[in-house]
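Annotated in Swiss-Prot:
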- 981-984, 1004-1013, E1031, 1068-1069: S-adenosyl-L-methionine binding site (BINDING)
- 55-68: compositional bias 'Low complexity' (COMPBIAS)
- 473-487: compositional bias 'Basic and acidic residues' (COMPBIAS)
- 885-896: compositional bias 'Acidic residues' (COMPBIAS)
- 846-1172: domain 'DOT1' (DOMAIN)
- 47-68: region 'Disordered' (REGION)
- 473-497: region 'Disordered' (REGION)
- 873-911: region 'Disordered' (REGION)
Amino acid sequence: MENIAHHNTTYNITPICSDSSECSSMEMLPLGCKTHSDKSDARRNLMDTGIYTPDSNSDSSDPRSDSSCVDVSNSLAVSHPISFCNWTDEESSLLTEHIKTDLTSEALTSAFPNKSLALIIRKIHDLQPVLDWTKNEIYLLAGIILNDSNSAIRRHKHKFPCRNVSNLNKKFQHYKNMVRRLNGVDHSKWTKPEIASLISLIDYDLTKTKLQKELPNKNIEEIKDLTNEMRIHSNFSHVESVLFEQTMTENDPIEIVLDQFPLKNKETCKKRLLKLNELSQHRDMAKRRLDEFESLIQNELKQIKDSIDLTRLKYLLVNDLTGKQLRSSFPGISMKYLKLIAKEMGFDEAGEYTLAEMNFLKKALQENAKLKSIIDELPFRSQLSIETKINSVEPNRRRSVFTSQVDELLYMAKWYSSDNFGNLSRRRNSRYASKLDKPKDKASDIMQPSKLHLENEEVTEAKVIPHDKGVENMISDHKLKGKNNEQKKRKSKKPTSMVEVLKEESAYFQSVTGNRCVLKEGQKRKRERLMQIKLETKLKKPKSQNLNETNRIQETKKLMKCDVEPDKVKEQKSFKSENLKEAKLDASDSSIVSDVEISLKKKLNKIENEEKRSPYDPEDISTDTLVPLYGRQLYVNEVYETQPRPPKLSFREDTNIMVQNCSEISLTDTIAADIISQHCKNYRDMPISFPSLTIVDRNTNRMILNPMNKIRIRFLLYPQHSELFILAEPKSNELDPINEIKKLFQLHYSLFFSHSSKLKKIILSEYNKEIDISIEENDFVRFMFVIDKWNRLMVELTPNDVDIGSHDINEEIRAYLSPNEIKIPSDEDIRLDIFYSEIQLSTEENPISDNDPIEPSSPSFDLIKSMKRCFTHDSSNRLTPPISSEEDNKENEPPIESDFRNNNNKGSIPCTPVRLNTRNKMVVNAVKPENYESNFFRHLKEKTSVSRFCVQQILLRIYSRIVSTESRKLRSYKAFTAEVYGELLPSFTSEVLTKVNLQPQHKFYDLGSGVGNTTFQAALEFGVHLSGGCEIMEHASKLTELQTMLLNKHLALLGLKKLPLNFALSQSFVENDIVRQAVIECDVLLVNNYLFDVNLNTAVGKMLYGLKPGTKIISLRNFIRPRYKASSDKTIFDYLKVERHEMSNYLSVSWTANKVPYYISTVQENICEEYV
């Protein structure tokens, strides 16, 4: 083994002072200095002349500090006397070069033989106070470690004169740990000088050119292998950063540029490019290089995808995703690329773990493995996913384990008593003990106090002890010992045991409960009947959401009036049987009635004075408010043509394209059903007559999702499209399929039938209310009839001439109905004649009134009745397959098992399919008028307002399908910073944008748009000319893109116009010219500055400088601080006139339930006078 460490240099110490006793401290003093004051003065004079410099080991930065005087026998002693000379320019430049390359003692003394080491160190600190480690210093340190890793670094301190002990020890331990990782690794091809050279280049230069120059006998692959074993970091040094910027500026291909940095992975290079992208002078270059970088990664990903066995990867995604199996199956392939390929194949890192992963995780937890090793062995899982799975596998991992029930009881008693009475309180002393446990390796670094040097006279005087004082001390010690003996004789109190504590607490519990008597030994507790308190008022039944405020108050009044009837009061007071005659009310009864009436009047006044719901937060279409259109077109352009028609859409049987950036739409939208299936633990079964959420798989005997529990709802404009739901009841605030179905009914009314109050009543009473009643009464047959009515109504009323076939879209779930329970909705059931007549009428002929009865009015056309056969194979029935009615003969019906509807069968799929009779039935149906389509589109053209409830529900439908399931990730940001995610609810956006009078000709922008809710709402509800937003968070930006794609497809299905959106995602608005240009042109600006700090507020003010007068800025905090005065800085704050407002609704933001204040700042033409 070669020895590459510098040999110890022997220095001759020439004492200047003639007195050997005074030179024992190894201080260099002029001749004749003998006293301590003379030494101090002489040291100070030498420091003033620049000859004496304290040892660099001292932590003091002041060279004149007396406290920095330490033993300099090794560092300041030289083989020649101290010379009084100045530094020439050549020597200074040479020393500057040494500061960059080599600061070892051997290099400094050889370069400046006529200078003392103390003078050299002082000059170095004058030239550069903060010193970086040089390459040769690290080379020397690495050589010391490689030769003798157990050597103490203090023995080699003299070789590093510019480093103090703590800094040197820290560096020594860092490289020692790095070299220690080579133990057990075959590195016989490497010599010690080569390893030391590689270590010296870590923080200096690891480019390809430098590596080939320093290590000519090694290729790049060998160097990569050794650096991987040593776990050398891949951060850019200063030299590498400069070279990276230069090479990126050139026109060389990206592959050649990356080849110059062989030890830097692509992620590190990409992060460096992103930092360059933040600089305005490099933005164009960085953007171009980032595009090249992405294409390079995609090409590599494609090559890897073509080279590996995808079938094998699919198998491993289901069975084994441990790192060991993946590395053996795909040797040499990066786990990052494998994970990207797996995600393209539908892999979800938060999904179910494979059996091999679970076995490994359990084994690792049993062996108490570290979390880092578990993460390394599960490369396809994130740290958050692994921690969540660990908590679910071993939820009681940190709980105390008791050997018996008595130990557990005593443990509980101990903590219970300490919390309530303080008898056995114990405080954890580890934090105090940790201060006393000093590491052994640092004990040698503690500086020993210097010995006190006293004169002979001072020593003699110190030895003399006053006799009187000694006698007094002896007397006091004797008294103290006597008191200690008395205290020792006293008997200590008997400590309270845990059992006694339990008895005391049990006695206290008995004294406050039951008959409040403490039980004695052998006594039993008396049983007393529990006191029952009867409520004075009746509990109100839950009302369906389709009742408006007026109807609810009227129903409450009726119920309360019934409660004060004399018969009911008499019935409550009477204790006789029902056969006795009714008695007249006496004076006492009448007084009771009057008291009840008074209490009821108070309740009525309270209900009438109850705060009304905010008009900006409608609950349903009965409490809806309207937003004026101001002449803008709400629907697609085809609606406003001379011959209106729904635009043609391309449908495809692919459930994934709903969240893809393409023009095609899935024939069946399964997003809502997928959410329920992926989070089925958050749902429970519907009432017993409804299909169960899960069933038992007969093959595996495990619970699986019920494949028959599927319900589909058609759309009006495109009845061939349907939305799929799984019937289940959410346990908390998850997506509710029943509410989604009811809201979809109301959406169709608001968009296509809002001109008719009769149709509103039909939607509310015969669809929404019927669904509520069917669930409350546990009637699945009634529920399915409502769904069938709606699907057939959509088919009959659609203005789109499409062939949707004759198949039953709800065939699976209809298997839970017997043939006698299947009811075919007729024209009368779906009120088809009323719909036709209401659509034929004009707005003047059909004024909206909530009091209109649901009866067919006198139509403006002759309603044609015809006898026709329906539900035959060749008919146009598009709801169900041929089904027999109850009046048909039942001879051909198959036998039905009597216990099919039994509770025991709930959760199982019917084994025998139901055979249906194909006999036809003669019914009377209404025929669609010839001018139906023109009148239908006429109502859409004549719309002058849009439903606020409709707009908000469209946005909430998108939000619940995209954002709600990812809300936890949105909150994984540092608290109380500008990146904290907080949502402005739709009611807030509606109110504030109405307050600023936002109109279609305006432009809107949201600085900090989050997932894009306010930007979407400004475009959809107010129809602005352009709606934009900027967001810096990666996950929120991704959700914005997904919401945009899904929203555009939902708008197309509803016939609404595409929104004009302009987002700047995954980027900051600070020093962003593109965002600033878009903001300057807008008319209304929203800034959620609730958690902006002073610096960010100042940056926003400078960014907004140049807004045109009249622009409105909405913020949650006032931009203008108290006593603000205008300055020379170019900021918009000097031109703002601020008004404070308060929300009318309590629930308007996500972080509080209180009414939130907000500020509207208007830009003025000149600087406001109050700021001058």
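Cβ atoms are placed via backbone N, Cα and C, with glycine included.
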Arithmetic mean of per-residue pLDDT over the domain 'DOT1' (846-1172): 74
Number of Cβ atoms other than its own within 10 Å, given for G1012 (S-adenosyl-L-methionine binding site): 31
Packing count at L984 (S-adenosyl-L-methionine binding site) (other Cβ atoms within 10 Å of its Cβ): 23
Within the compositional bias 'Basic and acidic residues' (473-487), residues counted as helix, strand or coil by DSSP: 15 helix, 0 strand, 0 coil
For S1068 (S-adenosyl-L-methionine binding site), the number of other Cβ atoms found within 10 Å of its own Cβ: 16
CB contacts for S1009 (S-adenosyl-L-methionine binding site) [other CB atoms within 10 A, all chains]: 26
D1006 (S-adenosyl-L-methionine binding site), number of other Cβ atoms within 10 Å: 29
